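According to TrEMBL, the protein has these features:
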DOMAIN    B:72-159  domain 'GHMP kinase N-terminal'
BINDING   B:PRO100, B:LEU101, B:GLY102, B:SER103, B:GLY104, B:LEU105, B:GLY106, B:GLY107, B:SER108, B:ALA109, B:ALA110  ATP binding site
DOMAIN    B:217-292  domain 'GHMP kinase C-terminal'
2 protein chains.
Amino acid sequence: MIDNTRRAGTATASAPAGIGNIGVGFDLLGHTITGPADRATVRRIDEPVVRITAITGDAAGFDRLPLEAGLNTAGRALIELRERHGLAHGFELALHKGIPLGSGLGGSAASCVAALVAANALLDAPITRDQLYPLALVGEAAASGSPAGDNVAPMLLGGVVLSTPVRVIALAAPRLYCAAVHPDYVLETRRAREALTAPYPLADFVRQSGHLALFLTGLARGDLELVAEGLRDVLVEPRRAPLIPGFAAVREAALAHGALGASISGAGPTVFGWFADRGHADTAARAMQEGFARSGLRSEAWVSPVAGPRAELVD
Amino acid sequence: MIDNTRRAGTATASAPAGIGNIGVGFDLLGHTITGPADRATVRRIDEPVVRITAITGDAAGFDRLPLEAGLNTAGRALIELRERHGLAHGFELALHKGIPLGSGLGGSAASCVAALVAANALLDAPITRDQLYPLALVGEAAASGSPAGDNVAPMLLGGVVLSTPVRVIALAAPRLYCAAVHPDYVLETRRAREALTAPYPLADFVRQSGHLALFLTGLARGDLELVAEGLRDVLVEPRRAPLIPGFAAVREAALAHGALGASISGAGPTVFGWFADRGHADTAARAMQEGFARSGLRSEAWVSPVAGPRAELVD
């Protein structure tokens, strides 16, 4: 689908927060949630450059983000858009951060996707969301050094998305709900990545792959029993959980209140659970917050359909 | 589904050969083929024992198989059937091996499944194929030491099957064809397993998981492009391929003749490819045989629908 064009002037787009990995699909699966979002306002300029004019926001720490376009996920993606599509003109970009930094909710991806969707609307010949994906991957790599699409892909397409380096596929999403709880705790992505560097025995892969296969089959068939059987991360979560104070209690709170499964969103420290209905998700979200509170951590919680929104132009 | 019962006397069942792993689903995915099969004739006896009376066959090396019931996959499965279901009676078992030993075509699994299907027909209260699965896993472990269901599960259900230690799921199988080529070469399962013991970096797993996800999504949607994108083993095949003389040439022959993908069946040395139609599969099978011939190996080839048969009672 081609977004509406606004060939000159300015466009603003909003991109939602996302749950990366969905526990069982490391670097491959993600979905968006209603709740926090990043906003990008892009102005088409005659100069052949990309320039970030401002980063503002509700999110703590936004003033630490790089204003140098090549080092910023959104700036880097627009540079790639100019280069790959041979644009003569440039862009000025202002970001407003609504997604907490370092939360595991895909804030850097959301800025990147919002900027691309806004800039695309200013092109003489706008491109499709699928065509924005490789550009978003390049932008995302500016933050993480890794080209995983598990956050940018669902922000581009909405809902639950499978992404590989060359392919995005929107998956069927049964009418499930997600509770995401973000503790007020700084977990550096670098530390979260380092926890995964030691190699893995094949048996762990087989177990995790089996869960992934059940999860995907469950989603495709709308079979919640299969989804629940599959929604278990035996590969990454055991290594990252010790980095998140209270994780075990929070996960257990989710399961005790009906979660089909619960795990870490992205690199953490946000913990999410999937639920068959909004009532269970609401109750569980409060219990999950109490879990963090017992570790002395304040937290924010959001409840959202798993089939969350995609990035959109805003007026 | 409950098989027809033959409460007394003797029953014979046949179980087809199978393609284990299907390249991208190590220990998880498999399908059956029309072609070689094992046969089990089971007699219900009053003595509370399981006894193997004979192993005969067309398959070279069948006379090396253990006649001790507890050490034989079929015997072990019937012992488990007696114990778990509290049977007062026993079984006498004769096996006829049609599947080449050590071929990677699931011969030990086929004997086990054929014995279970035959014995089940002799029970006072026969059980379902799903209920036979855990028994087949125990039998299979007698040969491989591992409880993988990628061979026994498709032999029980037919077609393409996803199996985990506790679950079997028949998958949609588009109208594809398989060419399987078995070279006259002995590759010990032990050596094939040993090649996999060194641990794996997470990045390899992410690549393989992405392929698995594309493959399963392609099967579920009948999208052959996705199936082809997914049917690539970057985890196990690189370690086992050097154990199979001519593997690279055989795989390339399959791909050059239209294979969606090609890899090793089970622990090898059989190489298989998947094709959109029988014509391509037939042509490719001959080219794959020529590939082995260039390494000085004679071979046998079979072409079959991917949606192969399940084990059945025979008269």
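Here, residue 1 is simply the first one shown, and the rest follow in order.
From the backbone N, Cα and C atoms, a Cβ is placed for every residue, glycine too.
Curation does not apply to TrEMBL; its annotations are automatic.
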Need the DSSP three-state call for B:ALA110 (ATP binding site) to compare against my parser.
helix
Just name the most isolated of the binding-site residues B:GLY104, B:GLY106, going by other Cβ atoms within 10 Å of its Cβ.
B:GLY104
What does DSSP say about B:GLY104 (ATP binding site): helix, strand or coil?
coil
Restricting to the same chain and to sequence separations of six or more, state which residues have a Cβ under 8 Å from that of B:ALA110 (ATP binding site).
B:ALA15, B:PRO16, B:ALA17, B:GLY18, B:ALA37, B:ASP38, B:ILE99, B:ASN151, B:MET155, B:ALA311
What mean pLDDT score does the domain 'GHMP kinase N-terminal' (B:72-159) have in the model?
95
Taking only same-chain residues 6+ apart in sequence, whose CB is under 8 Å from that of B:PRO100 (ATP binding site), what do you get?
B:PRO36, B:ALA59, B:ALA60, B:GLY107, B:HIS182, B:GLU300
Summary of DSSP states over the domain 'GHMP kinase N-terminal' (B:72-159), given as helix, strand and coil counts:
48 helix, 9 strand, 31 coil
